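The block underneath contains the structure these notes are about, expressed in structure tokens.
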Amino acid sequence: ETMRTTSAFGPSHVQATKVYPKLFEKLKEFTGGRWEGVDTPSGLLSPGEMNAGLRDGVSDMGPVILPYFAADYPESGLVAELSVVGRDNRAIAGAVTEYIVNCAECQAEFKKFGQVYLGADATTLYALLSTKPIRTLDDMKGLRIRTAGAVFTRLVEALGGTPAQMPSNELFEGLSQGVIDATYSSIPDLKNARLYDVVKYVTEINQGVFNAAATNNASRMLWERMGPEDRNALAHAAQYGQALGIEGWREAEAEARAEGAKKGIEFITPDDAMLKAANAFTEQHLASVVGTLEQRGVTDAGAKVAKYIALVEKWEGLVKDVRTTDDYAELRYREIWSKIDFSKYGE
Amino acid sequence: MRGFETFVSRVTVAFGGLILCLMVVQIMLDVFMRQFAGAGFPATAELVAKYYMVAVSFLPIAFTEIKRRHVEATIFADALPARARPVLLFGGFALSLVIYALITFGTAREALRQTSQGAYVETGTMNFLTWPSYWILPVAFGLMSVVLLLRLVGMATGSYVDHAHDPLEELDSHAGETH
Amino acid sequence: MDPLSIGILCVVCVLALIALRVPIAVALITVSFFGIYGVTGQIPAMSMLSTVPYNSSASWTLSSVPMFLLMGFVTYHSGLTRGLFDAARVWWGWLPGGLAIASLAGAGGFAAVTGSSVACSAAIGRIAVPEMQRAGYDIRIATGAVAAGGTIGALIPPSILLILFGIYAEVSINALFLGGFYVGLLSLALYMAAVFSVYLMAPERLPRARSYTFAEKLGATREIWPVLVLVIAVFGGLFTGYFTATEAGAVGAFFSIVIGIVQRSLTRERFVESIVDTLLSSGGLFVIAVGANLFTRLVAMSGLSHEISQFIEGLGLGTTGVLIVITLVYLLLGMFLEPIGAMLLTLPLFLPIIGMHGIDKIWFGILVAKLLEIGMITPPVGLNVFVIHSVSKDFVRLEQVFAGIIPFLAADLILVALMIASRSLF
Ligand code: NA
Ligand code: NA
């Protein structure tokens, strides 16, 4: 049988070049050729349409960016509020996946939207991609900085910048005209959003990643076409896709650094005062995050936050000696998915 | 029927005009405040996209039909004998009614879903409610369905006759005034 | 049914419904709905019908379209543009087709302000068409020139289409912008040549004005200060980073209203008329955009685009042959789809083919943008044509605008042929 996926971010995005092809390859292998996949990278569903699209079976699988549907995923969206915890995206993605798979309230959310959660990837660390040099807190004053998400908006405020919102397809124009001075994004965005020609400086304050993508959510309609064995194979294959995607973010960062250096982009390590201020923000944010989450209706938020932070620490230990993406995929399968009963999961 | 059409037209112009003005003023305020007060007007992009644009795109649909301004190609229909034209027109209205009624139903169901979830988007550090904006669609498409239904009734009872509107003839008849 | 048959059947149905005088929006939506129903079933079909209208209109970037429409109607109803075209007539009226050439130049100017060709047509349409009509121009050439001129909006930077291409094909947006700038200017020059050819063949369609004295010229120029203020406000702000291309629409509308009030030419009645016209235009246009968007989803679901790319690979053609086939595919798709949707749909399939033949991606991006913009003026679904028709519905029929496109379409095809023929130079 054939599953039709929508990786949604266009033909050159990691989702289309790495995650989904690898998933298809492994799915075919694990099911002895019973299942294969076809991806439509763009033109069918946009990322903002994925939640309804999967619910209604427009596509069999696709990435669901949780903050786009904040009201629908208050519990699963908890991980986005904690996106400043951790540095290694392999550890973060592992922790996110383990957290959501074993969180009954999160599972209920996906069920409500006719979807089955099959794991997450995570970007590399965010940085200030700017047209002006930012080395000190003084340099931040008065700069308009595009942010996505409440956590990073508060971070930029805490560092003295002025946060601004702008759709991603206007980033290039906004930066080149000077309507904004910087964007707080992952370094691979130099490549993904083609910002090489406008960004002149990258200031690395090492705070935060994007970790709230359910990378390979399956439509319930696909899930119902599969028996427990095939479901197991699909979940297993998804870990390979995500592992390659996570590696893809790291490779894209290396490429963006090399290409950026070639184009004369300066990579800046800011002074101690700025790094300290960024760390202080994170501590203060974690102190107040329980309140924020409870306002959103997350019950017992304190325990959940503690659990997630513990998982990130656990995964930092687990990934320390992992060398290949296949090993990492197997690690995730072993630690998380091998313990799942696929006749019940997602039902 | 006339009364209803006049009512819809007036409400559309009043409300649509208000939205257009709000859109101009708010974007200008945003531009000014960004320049002179540091930060722009909060949630401008979201308000413009999710509310003003949806309203400006769809609320005038019924009004556009009342003024018979939806884009159609009349070139082939005009070549048909005069007796066939009302049949085509009636069929067109009927098909339009079916489609707009379906969209009304579908968008109303979607609006209910968004409402029950209390849909919002994050903008900056605040949550911006989006679920009410989903109700603009069933209202706009519902209004259009009613206008189409009235057209069908009007055609069946003979109270609605389509005027063969030829802009060039009209132009010639005005030519004396303008020159 | 195989994808190709579904595709052909749907195209035939759309054409048949349009011929039967079904409104174009309804024709597209009906066929898309039943097409998706046939391919995947009722639930996905209802899903698309319920969510695409909201998703395709709730866009910040699109907001410049109604704003530029409002600006165009306000400047028209308050008579701001009369001065501009009087000046154009006095200075350029002796030229064959001088006003059409002035309109094209104006479209080129607005192209530098806005990122989409619909917005560009919306801005220039109501300003230019009535003035040409008043000067006795053949209405087909008058409307055709402006509809074609609008397509430059997505070639001369800024351009949403080129930005998206850059992101999806991973090439430098600056390089695309530079190429788009040249091709935009070249299009403009060829459109002007098209006007001149029409004059050579049928001089009575583009009546010349008498020549004016220098004093008359100076006098007419003094009348255009309000428009100059508007232009300086919009351009100046855009280039100094005060606002983005999207915001330029609202800035333009704002200043046209302020100038109208200051000049006392924008009365309450005229303002209401401008609002009515703007609402009627957007009420007619956005629902067609929804239809074209739904049709794109149908093409994606039917697998037709996959079929096409496999067909092209199967032909085993050389580079020029492949480019000609791709050109034909885009011209065909452009008849029905809106450009961004058509690009998102086709790039994943065509980029690998392009790579295999060693074709420069930047050059290809500009070719694609040009081809998709041609789709904006081809029947049966030509959004630019609908904009121009909608802003001048009181004196032109749809088929007349499409007829007026022909010389400009010929100019476009010559440009595309030139691009393909000279590819090795890039
Ligand atoms: Na442009
Ligand atoms: Na077309």
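For all residues, glycine too, the Cβ spot is worked out from N, Cα and C.
Straight from TrEMBL, the features:
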type     : residues  : note
DOMAIN   : C:11-422  : domain 'TRAP C4-dicarboxylate transport system permease DctM subunit'
TRANSMEM : C:6-39    : transmembrane segment
TRANSMEM : C:60-79   : transmembrane segment
TRANSMEM : C:99-129  : transmembrane segment
TRANSMEM : C:141-169 : transmembrane segment
TRANSMEM : C:181-202 : transmembrane segment
TRANSMEM : C:223-242 : transmembrane segment
TRANSMEM : C:248-266 : transmembrane segment
TRANSMEM : C:278-299 : transmembrane segment
TRANSMEM : C:311-333 : transmembrane segment
TRANSMEM : C:340-356 : transmembrane segment
TRANSMEM : C:362-389 : transmembrane segment
TRANSMEM : C:401-421 : transmembrane segment
Please check if the transmembrane segment (C:141-169) comes into contact with the transmembrane segment (C:248-266), where contact means 3 or more CB pairs closer than 8 Å and the residues in each pair are separated by 6 or more positions. no
Need one number: mean pLDDT over the domain 'TRAP C4-dicarboxylate transport system permease DctM subunit' (C:11-422). 91
Under a Cβ pair cut-off of under 8 Å, which of the recorded stretches C:6-39, C:248-266, C:278-299, C:362-389 contacts the transmembrane segment (C:311-333) most often? C:362-389
With pairs 6 or more apart in sequence, are the transmembrane segment (C:6-39) and the transmembrane segment (C:362-389) linked by at least 3 Cβ pairs under 8 Å? yes
Given the cut-off of 8 Å on Cβ pairs that are 6 or more apart in sequence, determine whether the transmembrane segment (C:99-129) and the transmembrane segment (C:362-389) share at least 3 such pairs. yes
The transmembrane segment (C:60-79) in contact with the transmembrane segment (C:401-421), cutoff 8 A, at least 3 CB pairs, sep 6+: no
Within the same chain, the residues 6 or more beyond the ends of the transmembrane segment (C:248-266) and with Cβ under 8 Å of it are 63-68, 70-71, 74-75, 77-80, 113-114, 119, 123, 226, 229-230, 233-234, 237-238
